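Undergrad: The structure's right below; bear with me while I get my questions together.
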């Protein structure tokens, strides 16, 4: 395995050389690369069916292995490969469980001889080990997708430093694989809803009442392409829980931001049309814009210089706030009443720092801050989510009845006693209950908390079961403190302490068009929230913040990693931060990074009390990234580096051992197969054939973001798959030797 740690360290290109680490499209679409100067030397490789059978059965060949007689080793070894035959041999020999992946769990010999390009296929060199063979499977799968029958493959793509390889895949492939835009080019697929369980599922899009240009655009698409059966609906100006409920009979995609562009029409010449602003989805099966996933993804996009995508997602968020009143859980009709953890101010400020040299940068930031102000008032401190006694906020989305996006059978065990009580069939009861014809306060309470859990982004966890809407959570109130301080600082430093409220962002706020906002107002809000949280949520003895139950007027005891969000937001005092690091952090730190919650808080599990995915023993990318950033904010650099190293090591090890896998969440207590998750939703990102195309959005981001946290020595150690205890022991020995040399 190469020990280089940066793309610049890869071998240089010669005059006849191509980019060894080019993206797959560039690498496999080039005829010259794969047929050029070797084209007249490949006849030796055209083997009889007998030799192909020998390859397939892995029998000894009458040829010697020309392992070290390459004529161009200084340029790097290359293999001359017949794609289909080699792929067939590789799968037959190495993919012993038949899942189109080569992992440490396959029992093949883990060695495959390949013909060398320098010998025109006469000599061979053995490719060995799970990592190289799984990379070979991935490369051959890609080559086949690009229509190649024969390729010249650089060995460097097979033994590439895994940190470099995963970083490269994220930058060159995964982000593109997860990028969507909603317009005529994608509407047929994007507007189909896998959760449409009605009798007539069809593509459907809802347009905000004020977006007449989009409405006309999609109506024309429907007229031009009747075969796709696109249903275009205009939303009412005011959207109530009753309207959201009734829309469940016709679920659909919600329109997002577009831009006007010019394109060439073969008949009309240059015409103006609409094009959707792009956004990144969490995983490959999604086609809608998501809430806090988008913020987490933006952290990685900015590292990879994809400012265009991060900026477009901010603009999409502003569009959602202006037209739907909130940043939605996701842009589907059944999510119109539900938001997700708010990160808009930090996201916009990070993008602004990258584009502030551009002429429209300040206007971009102005609209983003105004949208955040509207969201702050109309959503998070609005009547539904604000506890007036404490002044703290909770997750509590609007909604009536049974959440429609779940499988119809999901709530059978909850509803069965009520169905029996009323002597009704399942569907009959759900319809009557949803429309208020049956009153069941206990059931209302259950679904209020269920919707709140989904809005929290932490669905599901025993932390929230049956109580979520009663809680002022440490995570939400830390985020709102960050909104307050971000808005205050931005108004003061960039808008001369005067920000004028325009009409489009006044709805749901206490402001009128033309009102001038100053930083002092937002400073007071932040100070008041900080004082209240210190009083109600801080536990001096435990050295942590806890959720506060304002119904029962008591502090909760569930230990959650979101206590570290107080560092990310700058809410914790220096002493509180030190206490959290000293007393709290050790409770969450595991082999692979931070746990979402502690084992003692989760409690015993069994058949009647199964695992929940946001509890022990699982770790999630958002918790890691916010913790690293928060620790660095308070100068706990060593702790941030250690946690980042553990998370990155776990991801890299699974990537190497399990055919390039990158998944939604990990069991941070499992050293061998942390991507295996035994929780209610399983794990996304596992079921690919041959090669992973997208990874998972916020894990991709955490990887490239985390590599900015660790130092160069750590990055080199990650490339050689050095576990953290081994790494830190070696560092300590080096330090001891250095001290001894000084004496």
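Using the three backbone atoms N, Cα and C, a Cβ is placed for every residue, glycine included.
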Undergrad: From 227, 237, 405, 504, grab the residue that Swiss-Prot records in the same substrate site as 285, 292, 293, 329, 338, 339, 340, 454, 457.
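TA: The candidate from 227, 237, 405, 504 that Swiss-Prot ties to substrate along with 285, 292, 293, 329, 338, 339, 340, 454, 457 is 405.
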Undergrad: For a quick check of understanding: given the listed substrate-binding residues 285, 292, 293, 329, 338, 339, 340, 405, 454, 457, what is the maximum Cα-Cα distance in angstrom, as an integer?
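TA: Overall maximum Cα spacing for these binding residues reaches 21 Å.
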Undergrad: Given the recorded positions 95, 293, 664, which one has the fewest other C-beta atoms within 10 angstroms of its C-beta?
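TA: Among the recorded positions 95, 293, 664, the sparsest Cβ neighbourhood within 10 Å belongs to 95.
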Undergrad: Can you tell me how far the Cα of residue 454 (substrate binding site) sits from the Cα of residue 95 (Ca(2+) binding site), in Å?
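TA: The separation of the Cα atoms works out to 39 Å.
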Undergrad: Measuring CA to CA, name the entry from the recorded positions 293, 338, 340, 459, 664 that ends up nearest residue 95 (Ca(2+) binding site).
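TA: Nearest by Cα distance to residue 95 (Ca(2+) binding site): 664.
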Undergrad: Residues other than 95, 97, 99, 101, 106 within 8 Å, Cβ to Cβ centroid, of the Ca(2+) site?
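TA: Apart from the listed residues, the neighbours are 94, 96, 98, 100, 102, 103, 105, 659.
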Undergrad: Give the sequence-ordered list of residues that share a chain with residue 101 (Ca(2+) binding site), lie 6 or more positions from it, and have CB atoms under 8 Å from its CB.
TA: 95, 134, 137, 658, 659, 661, 688, 689, 690
Undergrad: Using a 10 Å cut-off on CB atoms, tell me which of the binding-site residues 99, 340 is the least crowded.
TA: 99
Undergrad: What does DSSP say about residue 454 (substrate binding site): helix, strand or coil?
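TA: The three-state answer is helix.
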Undergrad: Which one is it, among the recorded positions 97, 106, 459, 664, that lies nearest to residue 293 (substrate binding site) by Cα separation?
TA: 664
